[in-house]
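Working notes for the structure below.
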Amino acid sequence: MVHYDAVLKHVGEFGTYQKRMCFFAFLPSLSVGMHMMAMVFLAATPAHRCRAPEGAVLAARYNWSEPELLNMTIPWTKDDDGRQVRHSCKRYDLTTVELNGSYRNLTNQRAIWNVTSCDAGWTYDRSQYKTSITIDNNIVCDDKWLANMAQSIYMVGVLIGSITFGDLSDRFGRKVLMFVGIVLNLVSGISTMFAPNFTAFVILRLFVGVSSMGIYLVNFVLACEIVGPSRRTLVGTVDYVFFVLGYMLEAGLAYLIRTWTHLQLAISLLSVLWLPLWCVVTESPRWLLAKGRTEEARAIVEKMAKTNGVDFPDALWEKMVESKDKLTETPDNDRFYSAWDLIRTPNLAKKSAIIFYNWGVITMVYYGLSLNTSALGGDDYINFFLSGLVEFPALLMSIIVIEKWGRRSPHIMFMVGGGVACICTLFVPSDLFPLTMTLAMIGKFGIAASFNIIYIWTGEIYPTVIRNLGLGVSSMWARVGGIISPFVALLADSWRPLPYIVFGGVSVLGGILCLMLPETLGAPLPQTLEEAEDFGKGGSLLCPKAGHRKAEDRKELEADAPDITPSVDTASSMTNPSFYLSFETGL
């Protein structure tokens, strides 16, 4: 029996052709990174205070200066540090005040004046943000939660996109769906800037989320299907790098473009640059083989071989086609596995619960820290840029340490260390924002590193028969974490450090819970549900000590890698990256 991977190894697992295709396929991930984090600037909330129309009339009558007018219209309140600041959601009702006497006497009477809400609207500080969806729709004070809801609904779109585009790309092809996503992203993104009201904005952003995840999913799958088994982790990492680069580039665009409509237009029009890629990106040969379009697949592989400077393996190809035909004729008597199998037995249920919790927490904290950099103080644009930049060393360190010290210890270290750093922001005065920023970035470093580890670790804990299923359900929990995250940020209205305490607390708990998960470095991969149930209970599957994974086990893990893409004998399979991709690998 000859598998398509054998052909790939002959023509080159990651030759010139694959490198070129991966680069072209990953370029749209720049747009995905921008749209995913855009709400930081689209819904920016600058300093604001109530508008008092009668105040301007009275100021002209009594010759009040601007500071005097402010004193007569806006009451004082205390911030979380006990400092006196102007209230942003309350004002004095001057229509009920008898303005007799001098300014000094009037100020002494303010304690008994009626205080009302901002019934006449707000005045915004536009020195940094000229416009935002928040400013245009007055989504502040009691309506502040609406902006967070918009981000949660965007994440619902991400969930919908991961499911629908995964299925549709199995039906109609990777290349077609990738460009459907690009076009939908372009149209919905441009339409968003013309949204006549906030409701329309939220709905259009939902479609942006659907298309963004669709692009990221399909280009990942396409890249994984054109490279050899040993390079799939690498290309997945590179795709994530493009996502983060887009995320960082948005800081520069937002600095130059201070109106939300023009910024939305700029990041949406970027998709126009990806449309000509239709002429250079090819369909996945693996998908073509799965659909029985052997000649089209052969033409692409012949081009691949030529570009990589090797001869096309005619004999190997013919054997592979014969093997495919035999497998197609063989009835499939394999058992059907469902999500119930993830929790059907006690030990596996315990491990699944811990894994699901970690995926949800990591996603919630990742987006919570990424989308709330403006709450840290200092420069919004620098904070946002650094939040993306810190992911590169986190990713590199996670790759290094998991091969030396295993999966469990580094994951716990990153989760607990990052969580403690977030909690420590509680003890930092608001005027020491560089220290607050440093602690938040340590938290982001830890959570970004944990994301890379939990993906690899999850795939090694679950047995072969439900490995993809486990990754898929885990990603569903990740999406739940992304939906919850914006609402956790609202806790800052009650107490400024509270969101970071929550993010830190759930991270520390997630790390501690992982003490009950088995180390997998150096351990043979479980194959069946029975082996998975014994795995971690001191059975024979556990190696006496963590070491480098045996060569045969590494090959087995690589052999399992095609599970994330349809095998040549599968006419239609639910492409599991549609579930487990997180922007966390991202997403």
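Yeah, the Cβs are placed from backbone N, Cα and C, and that goes for glycine too.
As given in TrEMBL:
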DOMAIN    94-522  domain 'Major facilitator superfamily (MFS) profile'
TRANSMEM  21-44  transmembrane segment
TRANSMEM  145-164  transmembrane segment
TRANSMEM  176-195  transmembrane segment
TRANSMEM  201-222  transmembrane segment
TRANSMEM  234-257  transmembrane segment
TRANSMEM  263-281  transmembrane segment
TRANSMEM  352-369  transmembrane segment
TRANSMEM  381-400  transmembrane segment
TRANSMEM  412-429  transmembrane segment
TRANSMEM  435-457  transmembrane segment
TRANSMEM  469-492  transmembrane segment
TRANSMEM  498-517  transmembrane segment
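The transmembrane segment (263-281) and the transmembrane segment (176-195) are in contact, since at least 3 Cβ pairs between them lie under 8 Å (pairs 6 or more apart in sequence). Counted as Cβ pairs under 8 Å, contacts with the transmembrane segment (234-257) are highest for 201-222 among 201-222, 412-429, 435-457, 469-492. Within the model, the domain 'Major facilitator superfamily (MFS) profile' (94-522) shows a mean pLDDT value of 89, rounded to a whole number. Sequence-distant residue pairs (6 or more apart) of the transmembrane segment (435-457) and the transmembrane segment (21-44) include fewer than 3 whose Cβ atoms are under 8 Å, leaving the two stretches without contact. When Cβ distances are compared across the two stretches, the transmembrane segment (21-44) makes contact with the transmembrane segment (201-222), since 3 or more pairs at least 6 residues apart fall below 8 angstroms. Of the Cβ pairs linking the transmembrane segment (412-429) with the transmembrane segment (176-195) and spaced 6 or more residues apart, fewer than 3 are under 8 Å, so the two regions do not touch. Tertiary proximity for the transmembrane segment (381-400) is limited to same-chain residues at least six positions away from its ends with a CB under 8 Å from its CB atoms, namely 37, 40, 237, 240-241, 244-245, 247-248, 250-252, 254-255, 369-370, 373-374, 410, 414, 437, 440-441, 444-446, 448-450, 452-453.
Counted over residue pairs 6 or more apart, the CB atoms of the transmembrane segment (201-222) and the transmembrane segment (145-164) come under 8 Å in at least three pairs, which marks the two as touching. For the transmembrane segment (469-492), the most Cβ-contacting stretch among 145-164, 352-369, 498-517 is 352-369 (pairs under 8 Å). Same-chain neighbours of the transmembrane segment (176-195): 25, 28, 31, 35, 161, 165, 168-169, 201, 204-205, 207-208, 210-212, 214-215, 218-219, 222, 260-262, 264-265, 267-269, 271-272, 274-275, 277-278, 281, 283, counting only residues six or more beyond its ends whose CB sits under 8 Å from a CB of the stretch.
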